[in-house]
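Enquirer: The following feature annotations were taken from TrEMBL:
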{"type": "DOMAIN", "residues": "2-51", "note": "domain 'Peptidoglycan binding-like'"}
{"type": "REGION", "residues": "54-109", "note": "region 'Disordered'"}
{"type": "COMPBIAS", "residues": "72-95", "note": "compositional bias 'Polar residues'"}
{"type": "DOMAIN", "residues": "125-183", "note": "domain 'Peptidoglycan binding-like'"}
Amino acid sequence: TKLEEQGYSCGEEETEDIIYGDGTESAVVTLQACAGLPESGVADAATWAFLMEDNHPGGHSSSADGHAEQQHGASHATQEGASASASSLMTSNEQADNHPHVASPARAGGKTLTKWPMLREGDGGAAVHGLQVALDRMGFNPGREDMQWWQFGDTTYGALQTMQACSHLPETGVADEATWKSLLGADARPEDIALLLSGGEDDVDMTEEMQDRGVWLVGEQRFSKRQM
């Protein structure tokens, strides 16, 4: 009931049957992420304390103040992430120029992005890698495997949904213009995706590095020869 009051849906079936299932656990994890609590999915004392603050219209003024502080904190984190990206422009471009297999996301395929890419589960490539780096910088882990292979898999989807929930965006799991701007800042432009490099080995396009060995099947953890 308290989760629903604060906008964290547990699902109609679980609410009616009074069952703590996947929907309720997901709602708890999302609330914990937005509250800055460990994302355990367990309703512990700290989670109950936050729930009982009545962080919704009509709640106590102290709760409203706390909610405003959370929003300010999320906004501040986004601004810091955008500033860090801007300050690393030269470094990121130099990395791409000095390492032929490291492709700046916005320059992948020899093209500079002029509009925000709409990314969803199942997509792959340089822009997806840029999205993963941006999520990781804000504290939403897209998963090592997804980042290594530049794939928009389950962990990237979960990280994106949690980020959207904490940013008060529709939890679509799709990276649209509003999501990109929440990640990079209101004044960000599509070409800024080129700045999004982690500085680690996952900046290497593994699909390009291993193309002579076939296609890497992420779910099966093996290479498969390309079908001509």
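Placed from the backbone N, Cα and C atoms, the Cβ positions cover glycine too.
The structure displayed is predicted, hence computed values, not measured ones.
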Enquirer: Helix, strand, coil: count each for the residues of the domain 'Peptidoglycan binding-like' (125-183), based on DSSP.
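Expert: Its residues fall into 38 helix, 2 strand, 19 coil.
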Enquirer: Tally of helix, strand and coil residues over the domain 'Peptidoglycan binding-like' (2-51) according to DSSP?
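Expert: Taking each residue of the domain 'Peptidoglycan binding-like' (2-51) in turn, the totals are 31 helix, 0 strand, 19 coil.
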